[in-house]
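Take a look at the structure set out below.
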Amino acid sequence: MNETDTLFAPASGFGRAAVAVIRISGPAAGGVLATLGGRLPTPRRLSLRSLRDPRDGTELDRALVAWFPGPDTYSGEDMAELHLHGGAAVRMRVLATLARLPGCRAAEPGAFTRRAVLNGRMDLAEAEAVADLIDAETEGQRRQALRQLDGALSRQVAAWRAEAIDCLAAAEAALDFADEGDVDDAGLDAALFDRAARLRDAVAATLRDGHRGERLREGFTVVLAGAPNSGKSTLLNALSRRDVAIVSDSPGTTRDAIEVRLDLGGLPVLLVDTAGLRETAEPIEAQGIVRTRARIDTADLVVALVPPGGAVPDLGPGCRPILIVRTKADLFAGSQPAGDSADVTVSAHTGAGMDDLLDAIQAAAEDGLGTGDALITRARHRAALEACVAHLDRVSGSAGGLPELAAEDLRLAVRALGEVAGHVGVEDVLDRLFSGFCIGK
């Protein structure tokens with residue numbers, strides 16, 4: 001990949017629209033804009049221009065254009081934007097014209113943000129926050145992504161890393177000048193191990209967050225489980241307010257898990273319909289039941305459905321929190337059978353009890369996701385911080401031992417903290433991250 005090429009890509013959605021934005025970034029961005037529009041406009045102000053094909057002078061569009069000289073831009077490079085009329089023909093003709101200009105090429109997904117990272121405009125954790133903000137579907141996800149984009153994690157990790165570097169410098173000083181009498185080995189060693197232990201405790205405390213950030217980012221998983229014909233698919237359709245699952249009187253209709261995303265009070269909930277739990281000799285249905293068991297084991301909440309005359313299904317050992325729901329309330333008299341232990345009674349057909357069920361799921365999600373802001377939002381962050389704690393733990397345990405070992409573990413702790421913001425080992429992570437971005441970002 002040539003990082004000195006000038007990139008271009010649509011920065012707005014495809015399809016018919018009022019405006020289509022094309023973003024240009026790289027050393028030739030100003031020249032490209034002048035080639036199409038005749039002259040460079042005043043920086044950072046929209047200007048009306050007639051855009052023309054440089055081959056024959058054909059007018060492409062009358063558009064608003066903007067010129068952003070680097071390095072104070074999103075990508076850290078010279079940038080330009082073309083605000084075209086939103087028709088597909090206009091957009092495609094301008095893109096084709098850009099592709100013919102020397103030094104220009106179409107951008108890959110995430111290419112502009114990749115350059116922002118490489119040019120120091122943001123770090124890796126902040127770039128991940130850009131992706132999370134684009135993918136955010138609920139208010140809670142939006143707030144969390146913006147907090148990360150503002151550098152909440154990056155600032156804290158930078159402070160920890162600075163402390164770890166200070167400890168490493170002290171350890172290396174003790175090694176380098178031990179024979180010169182300028183360093184008080186005993187006093188320094190005691191202070192060093194104490195500082196390393198405090199740093200370890202601070203990072204470890206952050207890790208004890210119940211995985212709130214990752215769960216908010218990925219969604220609180222709620223699995224609907226029960227015997228065949230207990231009303232799982234009907235309930236899924238009612239909760240999602242659309243027909244996403246096939247409903248049939250024939251047992252065993254659902255074989256594969258069906259997922260629906262809900263927004264409950266700003267929290268993302270992933271609702272999963274599963275195959276009915278029963279003993280069966282039918283191999284495909286049996287495989288679906290195995291998958292149901294696996295989803296139950298990893299769920300944040302299991303909604304156990306009990307039809308009239310039925311019993312609470314066997315969910316297996318070690319099941320996650322369970323909400324027992326009596327279904328098909330319209331089929332039996334009274335609000336609830338005597339002695340029933342159900343938490344909620346519902347009828348997907350009449351709507352009775354549905355608000356109570358949604359309230360119960362939302363309460364479980366609020367309890368599971370917590371109310372505090374989380375610093376850690378990705379498994380990559382957690383793995384790096386766990387590695388840091390492990391290295392600092394070894395430093396604390398090496399008091400009185402070889403100082404070379406303590407110095408090496410401090411060096412590895414610094415490296416682990418650097419991985420969060422992308423100070424080390426960034427290329428592979430960039431490739432994985434930006435492959436999931438949209439074109440033009």
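Numbering starts at 1 and runs along the chain as it is shown here.
A Cβ is built for glycine as well, from the same backbone N, Cα and C atoms used for every other residue.
Since we're looking at a predicted model, the values are computed, not measured.
Annotated in Swiss-Prot:
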- ARG23, GLU81, ARG121, LYS441: (6S)-5-formyl-5,6,7,8-tetrahydrofolate binding site (BINDING)
- 229-234, 248-254, 273-276: GTP binding site (BINDING)
- SER233, THR254: Mg(2+) binding site (BINDING)
- 219-366: domain 'TrmE-type G' (DOMAIN)
### Task
Please name which of the binding-site residues listed here, ARG23, GLU81, ARG121, LYS441, is nearest in space to SER233 (Mg(2+) binding site), Cα against Cα.
LYS441
#### Entry: Residues ARG23, GLU81, ARG121, LYS441 [recorded (6S)-5-formyl-5,6,7,8-tetrahydrofolate binders]: greatest CA to CA distance in Å
19
### Message
Averaging the per-residue pLDDT over the domain 'TrmE-type G' (219-366), what integer do you get?
### Response
81
### Query
Helix, strand or coil at ARG23 ((6S)-5-formyl-5,6,7,8-tetrahydrofolate binding site), per DSSP?
strand
#### Entry: Spatially closest candidate among ARG23, GLU81, ARG121, LYS441, the listed binding-site residues, to ALA275 (GTP binding site) (Cα to Cα)
LYS441
### Query
When a 10 Å sphere is centred on the Cβ of ARG121 ((6S)-5-formyl-5,6,7,8-tetrahydrofolate binding site), how many other Cβ atoms does it contain?
19
### Query
Which one of the binding-site residues (ARG23, LYS232, LYS441) has its C-beta surrounded by the most other C-beta atoms within 10 angstroms?
LYS232
### Collapsed DSSP category at GLU81 ((6S)-5-formyl-5,6,7,8-tetrahydrofolate binding site)
strand
### Message
Are there any residues at least 6 positions away along the chain from GLU81 ((6S)-5-formyl-5,6,7,8-tetrahydrofolate binding site) with a Cβ closer than 8 Å to its Cβ? List them or say none.
### Response
ALA11, VAL21, ILE22, ARG23, ILE24, VAL65, ALA66, PHE68
